[in-house]
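Q: Here TrEMBL flags A:94-301 as domain 'Cytochrome c assembly protein'. Here TrEMBL flags A:321-639 as domain 'Cytochrome c-type biogenesis protein CcmF C-terminal'. Taken from TrEMBL, the feature transmembrane segment covers A:12-31, A:43-67, A:183-203, A:254-270, A:277-298, A:318-337, A:358-380, A:400-420, A:432-448, A:454-473, A:493-513, A:617-637 (among others).
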Amino acid sequence: MEIHHYIPELGNLALTFAFGFALALSIVPFWGVRKNNHPIMELAPNLVVGQFIMTAISFGCLVYAFATDDFSVINVAQNSTSLLPFEYKIAASWGSHEGSILLWLLMQSCWNIGFAVFSKQLPKDTRTLVLVVLGWISVGFYAYVIIASNPFERTLPYFPVDGRDLNPLLQDPGMIFHPPMLYLGYVGMSVPFSFAIAALILGRLDTSWAKWSRPWTLLGISCLTMGITLGSWWAYSELGWGGWWFWDPSENAAFMPWLVAVALFHSLIATEKRGVFVSWTLFLAIAAFSFSLLGTFLVRSGVIVSVHAFANDPERGIFILGLLAFVIGGSLTLYAMRITHVQKDRTQYAAISRETTLLMNNMLFIAATIVVLIGTLFPMLHKQAGLGAISVGQPFFDQVFSWLLIPFSFVLGVAPMMRWKQDNLNRLFKSNIYVFVVSLILGLAWVLGQFGQWNFTAIVSASLGCWITLISLRELFKTAQKLGWAKIPKAHWGMIIGHIGFAVTLAGGGMATQFTDERAVKMHIGDKVELSGYTFHLKDIEATYDSNYEGHGARIEVLKGNQPVGSILSEKRFYTVQKTVMTEAGVDVGFTRDLYVSLGTQFDDGSWGVRLYVKHYVRWLWAGGILIAIGLIIAIADKRYRRKTGKLQERAA
Amino acid sequence: MVNIRTLIVAIFVLLSESVMATEDLESFKTAEHERVYRELVAELRCPRCQNQNIADSNALVAKDMRNKTRKMVADGASKQEVIDFMVGRYGEFAHYKPPVKMSTVILWLAPALFIIYFLYRIRRQSTRFTTHGRQNKRNEQWNEQQELELKRRIEELERRGDTK
């Protein structure tokens, strides 16, 4: 046997070494902290480097096994085939349950090493303890991978000639970017979590941990936002009917940590600047990561039915449940024991103040989390209790979320201009009433002008979108007048961009749900169909193929009046290995509308069933998500964090 | 002239023929019917699929449910009537929004109770702020009186000292 046949064993070995490093990280430096022994504490970053290198080697070996079609590995044999296009062979590394948990570990060690590199300015005991807690989390997952879900298990001695192919649903560019980004976000929540645990253990429950953990929280949420946005975009293009959010349990699993994390970093602002809500913020830091774990448990264990539960297994579910119980139970116990040491908020604030608006933000985000959590778990409990099967889905969530979103968006509009401690309702009313009226008029004009329909949902979301955007822009110009454009803090830029991003998503979402024109028709080649001002002309049916599928695509030219707008190829593919038919929708992307074509089946007379959609403002949903992610990244670059750290270094020296 | 006009009409008819030749697979009498139908197929759940509404599912039962929905809507049934029919046939599982009853009310109640509790906490905190503020003011007033009193007594003492 040649050397490359041993690559999976090498991967396994590296994984075991990584586990060893994580185990050492979770014990040795902790002892160093207890004994206040600096040389031993110094070990922590080195152990993290070791853990990272070993995990990266292990992951590299898995990718190598996929890239070289090593079907002697069960994981490769079940999730890849020699015919799979190369980029999907790489992506198939995380297409299975085993591989995705290894990806999780790779992301975890990325965060660990990132933290080790960029935390040198922190007090040594805090820094070491954060790394130790990250080590504890890592140990749990390494143990899980090695014991219950090893991605390197062999099919030997009788290995198959070819593999069973990656689920065709996953063969999309989204598969390459969505899972790594989402996992980076999920795992990113472990850093503020570790900060909170370290603060609780050390009893250092002042506001310094809030300041230190804030940039990490921002980075984590940014990744999570991008991951969710990519997932939504992928669902839109892949599922063949243009849905972008279905309240599927797996979507909810990603949505809950996002909601809690956004609440967390807004609460962190108040804790850092005003020293309030210390215990509440600690709780949110624990909750954000707990929801990340809960999401993984829900999707991976198979307790809930989901399109994502492609590799569920009750035994693994029990392992993750144990891990979940340990992490959540342990951290909440610690929290309960130590929280009495937190000084009661002595800083006072009035009912009308920035503090209260931030609390309103937290209240609505956590209420939304409760809605999603109960909505996701309740059908299962209801059935288990013998009360019969029920479904909780889109109409329920739409209803409850609209109640939450309206007050939320309204408060979000005024929040950035509120003063700390106490503000004056009169002042707020006077300076905003005009903006409010203008926003209402703009929203009305937008919806009535473009669609000519009295649609309440659309008008409200458009108006609130305008409301948030206008106040944010006014806030930006005011700050620029005061400080000059160059001196506007990055954190302020981040907030403005992030809030406008939310406004864009809100307006786009409202429009997209309300204004989708749809037509299902039977078309012969050469037929023309009209839909909301566009003419869809079926030019031809082309043969399409790649190494692992063959199919046909409808070539559709779109005209507006006599003006050609675009050419769409909508495909139906037959994946030869898994013998499944997939619809690959064709989309003509536009700023204010998407033209979306989904190809159906062929009828006896040779005509084709075609479903045509004009989806208004659907791009805005993802544009808003990207803006939020960018805003968060810009906020991390704020000078404040660097200056503060500089001061710390001085103090340390 | 007449020839040209008939020609134009003929062309027009031909052109519109090519548009008319395509047959709508879902046709609706009114825009209202279409709206109700679209809402319904998005809200009704395919009973035999993993987690899909009947609009997106290719399962046979979903197709039957779509056809039944279209027929009922075309016959003038209201949205609720169609939902009631489907729930009657396939159980509460078939609708993505459970009915409000004792066993399901927690779905709405839990977030509502949380919000009420949270608002109560915010209110208590801010009343503490205002009462605290008032007390401070009272203290300041008291101090002013005290100060006047103090001055008066000092002056009195000084006067006594002078007389001694």
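Every residue, even glycine, has its Cβ placed from backbone N, Cα and C.
Please situate the listed features within the shown structure.
A: Long-range neighbours of the transmembrane segment (A:43-67) within the same chain, counting only residues 6 or more positions beyond its ends whose Cβ lies under 8 Å from a Cβ of the stretch, are 4, 7-8, 10-12, 14-15, 17-18, 21-22, 24-25, 28-29, 32, 73, 75-76, 79-80, 86, 89-90, 92-93, 99, 102-103, 105-106, 108-110, 112-113, 115-117, 127-128, 131-132, 134-135, 138, 151-152.
Outside the transmembrane segment (A:183-203) by six or more residues, the chain places 100, 103-104, 107-108, 110-111, 115, 125-126, 129-134, 137, 209, 212-213, 216-217, 219-228, 254, 257-258, 261, 264, 282, 285-286, 288-292, 295-296, 331, 334-335, 338-339, 341 with a CB less than 8 A from a CB of the stretch.
Taking Cβ pairs closer than 8 Å, the transmembrane segment (A:254-270) reaches residues 182, 185-186, 189, 192, 210, 213-214, 217-218, 220-221, 224-225, 227-228, 231, 276-277, 280-281, 284-285, 287-289, 291-292, 294-295, 354-355, 358-359, 361-362, 365-366, 368-369, 372-373 in its own chain, all 6 or more past its ends.
Using a Cβ-Cβ cut-off under 8 Å and counting only residues 6 or more beyond its ends in the same chain, the transmembrane segment (A:400-420) has close neighbours at 273-274, 349, 352-355, 357-358, 360-361, 364, 367-368, 371, 375, 428, 431-432, 435, 457, 460-461, 464-465, 467-468, 471-472, 475, 495-496, 499, 502-503, 506.
If one looks beyond the transmembrane segment (A:432-448) by at least 6 residues along the same chain, the residues whose Cβ comes under 8 Å of a Cβ in the stretch are 413-414, 417, 454-455, 458-467, 470-471, 474, 511.
Remote same-chain partners of the transmembrane segment (A:493-513), defined as residues 6 or more beyond its termini with a Cβ less than 8 Å from a stretch Cβ, comprise 218, 244, 398, 405, 409, 412, 416, 447, 457-458, 460-462, 464-469, 472-473, 475-476, 615-621, 623-636, 638.
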Q: Please indicate, using numbers and ranges, the residues of the same chain that are 6 or more beyond the transmembrane segment (A:318-337) and have a C-beta under 8 Å from a C-beta there.
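A: Apart from its flanks, the transmembrane segment (A:318-337) reaches 137, 140-141, 144, 147-148, 193, 196-197, 200-201, 282-283, 286, 289-290, 293-294, 296-297, 300-301.
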Q: At a C-beta cut-off of under 8 Å, are there same-chain residues at least 6 beyond the transmembrane segment (A:12-31) that contact it? List them, or none.
A: 37, 40-41, 43-44, 47-48, 50-51, 54-55, 57-58, 61, 102, 105, 109, 128-129, 131-132, 134-136, 138-139, 142-143, 145-146, 150, 152
